[in-house]
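For reference, TrEMBL has these:
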| type | residues | note |
| --- | --- | --- |
| TRANSMEM | 29-46 | transmembrane segment |
| TRANSMEM | 58-76 | transmembrane segment |
| TRANSMEM | 88-108 | transmembrane segment |
| TRANSMEM | 120-141 | transmembrane segment |
| TRANSMEM | 153-175 | transmembrane segment |
| TRANSMEM | 187-209 | transmembrane segment |
| TRANSMEM | 254-272 | transmembrane segment |
| TRANSMEM | 278-298 | transmembrane segment |
| DOMAIN | 351-487 | domain 'GGDEF' |
Amino acid sequence: MRLPVALLIVLLTAHLALAYACGRAEAVPPQLAMLLVQAMAAWAVFTRYRRSPSLIRLPWLLLAVAVLMQMLWDSTNVLATVLGDTDGYLAALATVLSGLYVIPCMFMSTRSFTQHEPRAVAVLDLLLLCMVAALVYHFFTTLLSGPLAADPASIQVVVAQADAIDFSLAAMAIVRLLGARSFRWRFFYYTAGAYLLVNAIVACIYNRIEMHGLPWWAGSLIDVPHTLLVVLALRQPPRWLRSYHPSLAVSQTIASFAPILLSTMVVMLCISTSRINFVPSLLVGASAVLFYGLRVAFIQSRQIDHQRAIDQSAWRLEQQVGRDPLTGIANRTTLDKGLREALEEGRRTGRFCSLLMIDIDYFKQYNDSLGHIAGDACLVQVAGALSRSRVRVHDLVARYGGEEFAIVLIDTSREMAQEVARRLIVAIEQLQIAHPACPLGRLSISIGLAAQAEHTPVDPVSMLAEADHALYRAKRNGRNRFEAAGEDDPSASLADASSA
Ligand SMILES: Nc1nc2c(ncn2[C@@H]2O[C@H](COP(=O)(O)OP(=O)(O)OP(=O)(O)O)[C@@H](O)[C@H]2O)c(=O)[nH]1
């Protein structure tokens, strides 16, 4: 930091001394010193660019390009003086560069720089800014050539126009500083905003002094914003910049407002240039409005796509949360919810539901003799067979836990549920899953049945307890069978399903 500051002091002193010695601000030697100060500013910004993480590199690069364009603009003026540019080509080129300098500044102050922004939006902004640069050039050249050039009022219009542009650029950067939530972005807008503001003030003073003839020291004014830029870009950022945190609402409002600033600024510019260049101003102004509309349309369509993707993943997540990961059927949470809804529906409509609790017989022995992997595969097979054997699509087949399953049969009477239970026992038999440790030699299930009645509570716990109790009886009574709750009388006990 010490070396650049020392160099800067040498250059600033040299500028003043050379201007004093030459007696003119526009003399070539002092202007060369000024160009070196600008080169230092571009180098300082470029150093920041190289040190920044990739997401924030582009704005620093744009700021460096803006300084380089100013440098190019001043170099063209120096060259015109050295060559004694009689045809005014170099002066015209300087005017073009003064217009182009606006582009990177506007771009860095109005872009959102988010990765989600569609590429088409960046292209539209760039296109609009190129049109603005062309308009500014056209406007300046019309005013400064031909009959209007002799009129002092023309010069005043150009100066006022330039001031309006410079102060708007500074204002845009400062507004972005107030809305930046990340410290790195705040630091960028702080540096850019301070530079653009001082640049606008200096240009405003310089242009007004120039109208009455420049004193020898006036050129040093142009060094001020560039000196500031070197100091700000190389120095440690001030502390308040770290502690300032805009709220999310403020930050979002400013970020979404930035593109409107660009269009508004272009339309205002077009209104003021339309007095001299009516058709080009009208074209650029209309494009600003049209491009803003297109930008909103592009962003909205991208947001609809994002929303759709979010909805899909939320739906997938919901499915996963309510599913048993091994068998893919509903899990205990979904069962509780589905059973409660079925009970409420039954109570409201009088179309009662039934519940089957299903348990695989001797499953511990199955695991012990064939291993847990085979046990898992067996659970998947049983779950598939139960799902295929349900009566209605709305019937809920769930894994209750371990080797226990449950089925909620909507609008199903006790008699119909008994019929379903019988069918399920047969369906598992038909799977013909060998079970060496089972007396039957193949896998079987036992079922406990509970049917909803007028008095059944809507809370699923009591119905689950009833069905579980019936299941316990089915196990006790020999397995491979079903029992219905409330039929404790052995004569009412339902027959072995295989004999049904
Ligand atoms: N492979 C596998 N086994 C499981 C899983 N969940 C529970 N089990 C096993 O299931 C067996 C259940 O055993 P028990 O509760 O004694 O019941 P059972 O052997 O079927 O006897 P009964 O129900 O009386 O016929 C235990 O050995 C558990 O380890 C699972 O996800 N995968």
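Each Cβ is built from the backbone N, Cα and C atoms, and glycine gets one as well.
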The transmembrane segment (58-76) versus listed stretches 88-108, 254-272, 278-298: most Cβ pairs under 8 Å: 88-108
Contact set, same chain, for the transmembrane segment (254-272): CB under 8 Å, 6 or more residues outside the stretch: 106, 109-112, 125, 128, 132, 135-136, 161, 164-165, 168, 172, 175-176, 178-179, 246, 281-282, 284-285, 288-289, 291-292, 295
Leading stretch by Cβ pairs under 8 Å, where the reference is the transmembrane segment (153-175) and the options are 88-108, 187-209, 278-298: 187-209
Confidence summary (mean pLDDT) of the domain 'GGDEF' (351-487): 93
Residue distribution over DSSP helix, strand and coil in the domain 'GGDEF' (351-487): 60 helix, 31 strand, 46 coil
Intrachain neighbours beyond the transmembrane segment (88-108), with Cβ under 8 angstroms and 6 or more residues off its ends: 58-59, 62-63, 65-66, 69-70, 72-73, 76-77, 79-80, 125-126, 129-130, 132-134, 136-137, 140-141, 144-145, 162, 165, 169, 172-173, 192, 196, 262, 265
